[in-house]
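Asker: Below is one structure. I have some questions about it.
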Amino acid sequence: MGIKESIQGSALYRESTPRLTLLFFFISNFGIDNGWWATALTVTNFKQTYGVWDETKQAYAFPSTWLSAGSGTANAGMAIGCMIAGPIIERLGRRLTIVVIVIIGLIGMIIQNAVPSYWGIMAGRTVNAVSMGIEINNIPMYQSEHSPPAIRGSMVNLFSWWEMVGVLIAKGVIFGSVQQHGNTQWSWRIMLIVQLLPPLIMLAVLYWMPESPRWLIKKDRHEDARKALTYIRKGVATEYEINEELALTEEAVREQAEMHKATTYLDCLKGSNGRRTMIAVGVQVLQQLSGNAFMLSYSVIFLQQVGVTDPLASSMARTAMAIGGSCFAFYFTDKIGRRPLMIGSAVGMWVGLWITAGVAGYTVVDGGSKAQFLLALLLIWSFLGNLGWASCVWIVTAEVGTNQLREKTISIASTISFIAVLLVSYINPYIQNEPGNLAVKVGFIYGSFSFIAIFFVYFFVPEMANRSLEELDEMFQAGVSAPKFKNYVCHGIGAKLTEIQDHTTSSKPIDGKVVGVVSESEVEAQSPKKE
């Protein structure tokens with residue numbers, strides 16, 4: 001089989017539609033506004049404009065307290081956004097929440113450009129971070145609810161992919177501005193202007209963005225749900241199939257509401273919902289403590305301490321490798337599943353950081369081949385971290401919650417996640433620099449959390465690939481253990497939804513021929529019987 005045939009035979013090719021893919025692509029443009037800070041800290045004019053004179057270094061620099069506040073205040077803003085996201089999304093819906101995200105984000109960005117002081121930028125970043133906190137709750141949830149089970153991982157992965165692409169764009173803009181404008185304010189000011197583009201793009205895309213049918217059904221807006229589902233499935237499903245999917249979804253929502261009556265944040269901590277919340281919180285926090293939060297804010301400084309001679313260019317290379325990991329995740333998250341990716345990547349991340357910390361911490365790194373070896377390890381770490389964690393964490397978080405509590409589950413998990421980020425951002429400078437002075441040995445701490453993550457995923461995180469969200473409800477309520485999820489056979493509404501959702505967005509082999517489903521009568525006559 002050739003490459004073309006392999007691509008055309010993949011679930012991602014067969015089951016994605018241009019409409020859905022383009023919509024997800026343009027609403028996922030997250031990362032540019034969050035990715036410029038770590039790079040700007042290395043720009044000479046930025047330090048001269050906002051830093052203080054350091055007599056020891058005989059240069060302008062940022063004190064540890066300022067670095068801590070610079071990263072910590074933005075993370076505090078994200079935590080606030082995550083805390084308020086649940087009620088906003090539940091009340092306004094996924095679509096109108098975009099408007100809230102854009103308005104808050106633009107206000108923050110305008111403050112960054114208008115107030116000429118370090119603390120003015122901090123205030124603007126904090127306001128903008130509130131919008132990002134809401135965004136990271138809303139967008140993966142929206143993608144999860146609209147995607148067929150066979151490609152849900154790939155579709156939600158667009159969000160984390162864009163996060164890293166946005167960071168690379170931000171670093172590239174600053175790198176190019178430094179080369180073009182030298183030691184002037186435009187070496188970093190251009191980036192503060194460029195970050196205005198993503199929220200404006202999101203606002204423009206809103207015109208074509210349908211509301212989530214599941215949210216509409218919860219609000220008893222069944223006709224609007226039918227119109228939204230018709231829009232999403234246009235070109236790949238008949239009216240009969242759309243009505244069938246809608247009827248099954250309505251039945252599942254009604255069944256959940258009648259049998260479980262879970263509506264409050266306290267319900268997120270009870271029974272099977274407590275287990276689901278624990279999974280979402282666990283993967284979110286372990287991702288941050290395994291080095292993600294540290295690398296996002298302090299990667300350039302860490303590379304300098306390792307002995308890399310061009311930390312800014314090396315940081316861009318690290319981001320490029322992270323994007324490579326996210327690209328591979330488009331295929332592997334659904335092909336082999338979330339669990340193998342997360343466990344395998346955690347092993348590599350643990351070993352990589354420990355070796356880096358050991359070699360750089362206990363031997364002399366002269367900037368030569370040894371520094372290049374350590375840089376290679378960090379590049380591999382970035383690749384694995386995004387292949388198995390940055391990608392899968394948001395997929396798992398978006399799909400693990402039940403329909404009644406999905407907004408609240410994601411809100412709890414992401415809030416605790418950014419509290420962890422906040423702690424890392426505030427504490428790390430004092431551990432990595434003075435007074436702790438661990439320098440690169442701080443890698444031992446973050447690598448240890450990757451080791452813990454291996455066992456957490458194995459014992460607690462089930463395989464949720466290729467299952468409808470309603471199938472997951474059935475398995476969690478049945479108390480199926482995490483290692484047994486993959487082979488568990490469902491028989492309820494969820495199994496029917498999986499069948500019809502995957503069927504309506506792909507061609508099926510019937511009597512040796514690949515045909516599309518075009519009518520109710522053909523569906524009944526030609527669809528293969530489920531064994």
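Each Cβ is built from the backbone N, Cα and C atoms, and glycine gets one as well.
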Asker: TrEMBL tags one of 20-46, 290-316 as transmembrane segment - which one?
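Answerer: Of the candidate stretches, TrEMBL labels 20-46 as transmembrane segment.
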Asker: Under a Cβ pair cut-off of under 8 Å, which of the recorded stretches 20-46, 66-89, 190-209, 371-397, 443-461 contacts the transmembrane segment (96-115) most often?
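Answerer: Answer is 190-209, with the largest number of Cβ pairs below 8 Å.
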Asker: Considering pairs 6 or more residues apart, do the transmembrane segment (190-209) and the transmembrane segment (371-397) have at least three CB pairs under 8 Å?
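Answerer: Stretch pair does not touch.
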Asker: Looking only at the recorded stretches 371-397, 409-431, 443-461, which one has the largest tally of CB-CB distances under 8 Å to the transmembrane segment (66-89)?
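Answerer: Per the Cβ under 8 Å count, 409-431.
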Asker: Of the stretches 20-46, 371-397, 443-461, which racks up the most C-beta pairs under 8 Å with the transmembrane segment (409-431)?
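Answerer: Selected stretch: 371-397, with the most Cβ pairs under 8 Å.
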Asker: Over the domain 'Major facilitator superfamily (MFS) profile' (19-465), work out the mean pLDDT and round it to an integer.
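Answerer: Mean pLDDT, the domain 'Major facilitator superfamily (MFS) profile' (19-465): 86.
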